Amino acid sequence: MDEKYTAKNRDKTFVVIEKRFKKNIIHRFSAKRSLFLFTPRNPIRRLAVCIATNVCFDYFLMFTIMINCVFLAMPDISEFAEYIFLGIYTMEMAIKLVAGGFFIDKYTYLRDAWNCLDFTVIMISYITLLLQTINDKVISDITGLRTFRVLRALRTLSIIPGLKTMVNALLRALRMLISVLILILFCLWIFSQAGVQLFGGALRHKCVLQIHGSPAFGKTYDEFYAEHIENSDNWLAKGNGEYVLCGNATGAGPCPTNYTCLPDIGENPNYGYTNFDSIGWSMLISFQLLTQDYWEDVYNKVIRAHSPWTVIYFIVINFFGSLYLMNLMLAVVATAYELEVKNTGKKLQQTAATAREQSLKEQERRNTLTVSEADSHVDDRNCTCCEQCCGCCYNPWLRVQSFAHCIITDSFTEVFIIFIIVLNTVFLAMEHHGMSMELKNVLKVANYVFTTVFVLEAILKLLAFNKQYFKSGWNICDLVVVVASLIDLGVEGLKGVSVFRSFRLLRVFHLAQSWTTMRLLLCIILNTLGSLGYLTIILIIVIYIFAVTGLQLFHTEYTPDKFRGEPVPRWNFNDFLHSFMMVFRILCGEWIEPMYDCMRACNGLCFLIFIPVTVFGKTLFFLFIGLVLGAFGSDTVEQEVEVSSFALPGPESKPCSVRERGISATDDNVKDDGQDEVQQNSEETKIDLRNNDKQSKDGMILENNCNNDSLASLGSLGSIPDIMDGSSVEDDISSCQQKDIQPCLPLFISSRFKCLREFDDTSHGKKWNNFRRQLMMVCENKYFETGVLVIIFASSILLAFEDIYLNEKPRLKLAIFYLDITFCLLFFLEMVLKLVALGFVHYYTHFWTILDFTIVIITVISLAASGLGMEQITAFRSLRTLRALRPLRAVSRWQGMKIIVNALMLSIPSIFNVLLVCVVFWLIFAIMGVQLFAGKFYKCVNETNMRIPPTEVANKIECYNKNYTWVNSNVNFDNVGGAFLALFQVATFEGWMEIMADAVDVTEVDEQPKFEATVYYYFYFVLFIIFGSFFVLNLVIGVIIDKFSFLKKKYDGTYLDMFLTPTQQNYYNTLKKLGTKKPQKTVKRPKNKCQAVVYDLVMSNQFEIFITTIIITNMIFMAFEHYNQSEVVTEVLATANIAFTILYAVEAIIKIIGLRIHYLRNLWNVFDFLVVTLSVMDAFLNDIFGDGIFMNPSLLRVARMFRIGRIIRLIKWAKGMRKLLFALVISLPALFNIGALLMLVMFIYTIIGMSSFGQIKLSGALNDQVNFQTFGKTFLLLVRLATSAGWNDILGPLLIQPPNCDPNYITTSTGEKIKVVNGDCGMPWLAISYMVSYIIIVFMIVFNMYIAVILENFNQAHAQEEVGITEDDLDMFYGVWEQYDPLATQFIKHEQLSDFIQDLDPPLKVKKPNNVAIATFDLPIVKGGHIHCLDILLALVKFALGGNLEETEAFKRVRTQMEARFDEIFPTREKSEIRTSTLQMRREEMAARTLQRAWKRRKIMRSFPSPEMIRYFIISAPETAV
């Protein structure tokens, strides 16, 4: 018995201690009567307690739940089985009720949340049975209640050890998401309202055939016209049956001849679901845009129906919504989970990093031996009984072992094995569809040879290492591959056993034994899988629950009659497999299209599945990815991993050293001297992927060289690189700002000729050098650089005019030609000037100047070719295309962008290293895909490209016999190259639905595909998505983010903070915030009585609450606005808008009256005034030009958008949202530079795309609006492709080849045919290179740079909040400061300091008595006895952080940088004359008091000659407080 908390609540409890897995598990129960019947010692209750705490009971329940989950996955569940499961769960509940009680006392049944879940599910089951018993007809109506049975799967979370703690921590961590979710909903509302105002009804515009003829007898013309436009046969439709959208605004999609664009025709696109007609549908579309799922469809439709300017709306949603909000959610989830795990004190926080490090170190420690140790312990590899059994044969056997040992551990053998592995991989990759018989035989013989080599290697290893062979995981993996290869050879001629061929692909993993990066990556993946085991189980359970829920709700709804005669969609809920794949697809981010199909079948119920799966699934997915990125982050990739003995021996390696691949040593085999040797070798062979780049002065890569200059190996902070002194990286010109100019010629030239060596000393040489110095001054002049930058921009803009219509505009073409010549001459002149000023050595050894030289030469050659009429020659066309690189010259002259580019370029080696490993991983899936699908994606289609059913055409021969076409899919697995392209589409989730559809329909080569003939091939893609995309692709992204963040710090001047201690870093991060705020003047209460009353009103909390209520009410009214609303609704909303506008205007007026000129000091007030002004203008414009006759209706819609700005005012009262938005605000400078880089890259690709693909025939996804024909259309297309949206659809038409195009001629807009190279056909190699490189550079690299900056600032803001000094604390400081310094002089008197720091709120508050603290602050006191606010704040921050700041060199340099920055921000502080300090004054005060006491004693001694009287007086006299 245990009396717990008896002093507080007298709750008596008892505990049962159970031994489980060698641990004592404590179960606590209430000691009161359970169910008011059973005492703790009652036999029945004791039996119940015994059963409830028994591990076998948990196992039985777990087994029951598993079986129940299997039954739940069946569409038709046996009622008898349901009764059995319900009985078991009821029995469990009864046992727990008897053992612990119901709910009154602590530790009873319902006091546990998991038991509440069990109780709820059981009660719902009984209610379902009761309703079914009462009336069998209501069975269909209680399907929703029966669906709750799937929640039983959650019971596994409370049964499986460890999962319960994981889920509890996860639920507590989700609390931090509240602010993010509110911000997302807030922004979603704003985007939705903007969508209603801008695009309401726009997607109903259609091209209608013009009326010909007259109405029939008895019909009016209006009736005839109405019937004509309502007849869908008169609407212009595409080949897929979708109607063509159009618009009447400038730049919108036009209608062809004989068609007219009319509004409000038919329903909206996608079965009426894609529209902005009301706030509900607009919220759905905005959520689709936020998640970037098939958003290119909405993008294309809106631009076509409205105007190209709507791209601004989509850019804002993509950059702010998708890139910031969604990734902020990722950061918050990962951070919150990490914090909760730390708070629980569990070991879960070590699973993502510590486990990997310990595993690698342990493996390295166990698996490395020196030669002497191996020789001395060679006998230990054999069993102890071998010598006794073998007798005289034992010594010869040892010699054979030693011989095999020397062979297998020889460096030549290792190189040979590596060569064989690489060669084997190449031969595996050579397999493709349509191979010749000779190549098949070569590959077959090669497989025999490779298998023989690997078998011999395994035999030699077994001979050499005996029992030690099986102590290495790599050796076991090798043996499995060898055995599988032998089985593959044995069953080579049989069908259906090709699975053994897949094991040959595992030979690629041999490379991991010699390739350190790949080996490290494999170890990371294996350890991460283990550490994320519980989370993976939770993810599977969530998928299972939603899959079963969808199965129970919708499995009878997907019928052909619901889809207007179309076949049932491939993605449905008809069985558990399809439901599982549907939920998996939603988790991968594809939810909108299957939800459209679901809504066609079941209407609104689909929201119950798709939205929760998307939101909750995204949360879990973000947590999963966050932990993966944590495991794959820099701390792992840059781990100082000792290069194992797999690698080639170094200079000190011995030829017969035992390698880990050959032998695993035990701890006893390693001697101390061997350990020292291993440790020494490891120190010499450490690798670091962060700092392996030798760089030039301007930050560009010259070569890669793995060395020991690793940041992680710096033992102290004593030697810090001098490259960063608070400034950025020097550009090419400023790096030469020296007293002496650079040599003009290389040393090997000038040293050979005496005249050149002595030239500088001659009078001509001095004149020449002076001339070069003058040129240097010209080149370094800021006006010269500005002029060059302007010329670069002007010449780049000129490239935008060279579209396919340029030949139809001869004057413009001639003007562009002459301008090109002018710019070319200017660039050539600049090049000559810099070449003379900098010298040949410097000019041709720096990246940016070499780039300038290359672009100038390309321009000269291109112009020469144009002048000679040879521009159509392929070589010159390619050079002309390279002129698109011209904007890159601006990078070296834009310092902010140059920092970004330098950081990016220096990240390339590490990115390439990891990317190469990822390619090897993908190679395995690519080769497997070739083996599974090569030649099987062919199909028989008709003239409309529709696949013929297999019942009509069975194979290729029948297809040709019936005059159909036998075609292959554009993306296929016929060879490894095509497989890589297909896998890239799957990894980016673009076009993967079509690829999977082709894969699961395959039968055999040259046979017609059949619908889901091999449905189990879905799992091939599931495995690739998990390992190839979730793991491997996110590893690349993680390296990009980490490397960019590190190098950006290095080059923007914040590099030194990496050398600071945690306390110093917190102090430094706080200092960076201090410069953002200054004291403000206090708004005094007016003396005029009327103004004073108004002032009191506007400053009261009740007034703010009233205004907030008005704003929320206004937003509710705005939500009722929709397209085609009734006149009554229109009038009510118009009246309400006028009323709200008047209220806002009155608010602004009374605030101006009360606050006077101080009203404009607050930016929120300025924003309010702007919104009020625009709202008043909107009301007047709507009243005067409501019919739109004198004003474009689009302008009215834009004016109405400003009403949405009223809701933004709520942010100033939302503390959580302000913090999240603050992280964005402080990121803006870096984001601006990244955005500029993004625009630069997009501009370059726009010029290249316009030049290379502008003449391609329009087909497929390319149409009159989406194409590469003009700069504007190309740029709009690349904005969409920046998010990888539908890039596969664009790639398809770019691959067009004859006979679908003309390889010799193009057709102009006038119908004229012009002969050009390649005609209107595509160039597949160029199209694939262009598209894939653009996706990699923009989507995977530049976008992740954007994310890296935001996440870094969020993590910094969160870490600063954990420290305790936040923006609100600084606001509080200056708020109190205003009371002591109403005129904002930035100074207060020394006498006020004690009261001031007493009035502050924690953590900056220092309670009285605080005189000692003030003295220790050592604050400078200027003339007049004043102290500056910044000095006080710096001291308080240091005091709040603990005050223990070690004065290291790095910290001193950082503080010097910040002091220089503060001097710029607070000039009055710098100019003030310091007279003393608080510490000095304290010392002077103490000295004065000491003198006073001494003088007092002296006077006493003189007044009282008796010693007793003196002693009595001193003791009895009161002491002055010190």
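Each Cβ is built from the backbone N, Cα and C atoms, and glycine gets one as well.
Summarising the annotation, Swiss-Prot assigns disulfide bond to Cys207-Cys255 (among others) and lists similarity to another entry as the type of evidence. Note on Cys207 (disulfide bond): other Cβ atoms within 10 Å of its Cβ, all shown chains, come to 23.
Counting every protein chain shown, the Cβ of Cys598 (disulfide bond) has 27 other Cβ atoms within 10 Å. What Swiss-Prot records for Cys598-Cys606 (among others) is disulfide bond, and it gives similarity to another entry as the kind of evidence.
Taking the Cβ of Asn248 (N-linked glycosylation site) as reference, residues of its chain lying under 8 Å away and at least six apart in sequence are, in sequence order, His205, Cys261. What Swiss-Prot lists as N-linked glycosylation site is Asn248 (among others).
For Asn258 (among others), the entry in Swiss-Prot reads N-linked glycosylation site. Around the Cβ of Asn258 (N-linked glycosylation site), a 10 Å sphere holds 10 further Cβ atoms from the protein chains shown.
In the three-state DSSP reading, Asn942 (N-linked glycosylation site) counts as coil. The annotation N-linked glycosylation site is assigned in Swiss-Prot to Asn942 (among others) on the grounds of sequence analysis.
Secondary structure at Asn963 (N-linked glycosylation site), taken from DSSP and collapsed to helix, strand or coil, is coil. Within its own chain, Asn963 (N-linked glycosylation site) has no residue 6 or more apart in sequence whose C-beta sits under 8 angstroms from its own. The N-linked glycosylation site feature in Swiss-Prot is assigned to Asn963 (among others); the stated evidence is sequence analysis.
Among the features that Swiss-Prot reports, N-linked glycosylation site is placed at Asn1124 (among others). Neighbours of Asn1124 (N-linked glycosylation site), defined as other CB atoms within 10 A of its CB across all chains, total 10.
According to Swiss-Prot, the feature intramembrane segment maps to 279-303 (among others), an assignment based on similarity to another entry. Counting only same-chain residues 6+ beyond the ends of the intramembrane segment (279-303), those with a CB under 8 A from a CB of the stretch are 184, 188-189, 191-193, 195-196, 199, 202-203, 245, 252-253, 269-270, 273, 310-311, 313-314, 317-318, 321-322, 325-326, 589-593, 611, 614, 618, 1118-1122, 1265-1266, 1276, 1280, 1283, 1285-1286, 1289.
What Swiss-Prot lists as intramembrane segment is 576-596 (among others). Remote same-chain residues near the intramembrane segment (576-596) are listed as 73-75, 270-271, 273, 288, 291-294, 543-544, 546-548, 550-551, 555, 569, 606, 610, 613-614, 617-618, 621, 989, 993, 1015, 1018, 1022, 1025 (criterion: CB distance under 8 Å, separation of at least six residues from the stretch ends).
With a threshold of 8 Å between CB atoms, the same-chain residues lying at least 6 positions outside the intramembrane segment (977-998) that come near it are 570-571, 588-590, 922, 925-927, 929-930, 933, 937, 969, 971, 1009, 1017-1018, 1021, 1024-1025, 1028-1029, 1033, 1284-1289, 1328, 1332, 1335, 1339. As annotated by Swiss-Prot, intramembrane segment applies to 977-998 (among others).
Taking Cβ pairs closer than 8 Å, the intramembrane segment (1271-1293) reaches residues 292, 294-297, 299-300, 303, 308, 311, 314-315, 318, 322, 800-801, 803, 970-971, 985, 988, 990-991, 1238, 1242-1243, 1245-1247, 1249-1250, 1254, 1256-1262, 1265, 1322, 1327-1328, 1331, 1334-1335, 1338-1339, 1343 in its own chain, all 6 or more past its ends. Look at Swiss-Prot and you will find 1271-1293 (among others) tagged as intramembrane segment.
According to Swiss-Prot, the phosphothreonine annotation covers Thr1076.
The repeat 'II' annotation in Swiss-Prot covers 393-647, and the record cites a curator's inference as its basis.
Feature annotation from Swiss-Prot assigns repeat 'III' to 770-1074; the stated evidence is a curator's inference.
Annotated repeat 'IV' per Swiss-Prot: 1083-1386, in sequence order, evidence recorded as a curator's inference.
Under the heading topological domain 'Cytoplasmic', Swiss-Prot lists 1-50 (among others), citing a curator's inference as support. Averaged over the topological domain 'Cytoplasmic' (1-50), the predicted model reaches a pLDDT of 75.
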Cys207 (disulfide bond) and Cys606 (disulfide bond), Cα-Cα, nearest whole angstrom:
32
Cβ-Cβ under 8 Å with the topological domain 'Extracellular' (427-442): same-chain residues at least 6 beyond its ends:
450, 504-505, 923, 926-927, 930-931, 934-935, 974-976, 1005
For the transmembrane segment (1324-1346), I need the partner stretch with the highest count of C-beta pairs below 8 angstroms, choosing only from 51-70, 113-134, 180-201, 309-331, 473-491.
309-331
Measure from the Cα of Cys255 (disulfide bond) to the Cα of every one of the recorded positions Cys598, Asn942, Asn1124, then give the nearest.
Asn1124
Could you state the CA-to-CA distance between Cys598 (disulfide bond) and Asn942 (N-linked glycosylation site) to the nearest Å?
29
Does the transmembrane segment (180-201) make contact with the transmembrane segment (113-134) through 3 or more Cβ pairs under 8 Å, each pair 6 or more apart in sequence?
no
Using a Cβ cut-off under 8 Å, which residues of the same chain at least 6 positions beyond either end of the topological domain 'Extracellular' (597-607) come close to it?
271, 273, 553-554, 557-559, 562-563, 569, 571-573
Provide the three-state DSSP residue tally for the topological domain 'Extracellular' (427-442): helix first, then strand, then coil.
9 helix, 0 strand, 7 coil
Under DSSP, the topological domain 'Extracellular' (597-607) has how many residues in helix, strand and coil?
11 helix, 0 strand, 0 coil
Please indicate, using numbers and ranges, the residues of the same chain that are 6 or more beyond the transmembrane segment (309-331) and have a C-beta under 8 Å from a C-beta there.
177, 180-181, 183-184, 187-188, 191, 194-195, 198-199, 251, 286, 289-292, 295, 299, 302-303, 618-619, 622, 625-626, 1220, 1223-1224, 1235, 1276, 1279, 1282-1283, 1343, 1346-1347, 1350-1351, 1354-1355
Nearest recorded site to Asn1124 (N-linked glycosylation site) by CA-CA distance, among recorded positions Cys207, Asn258, Asn942:
Cys207
Separation of alpha carbons, Cys207 (disulfide bond) and Asn942 (N-linked glycosylation site) (Å):
28
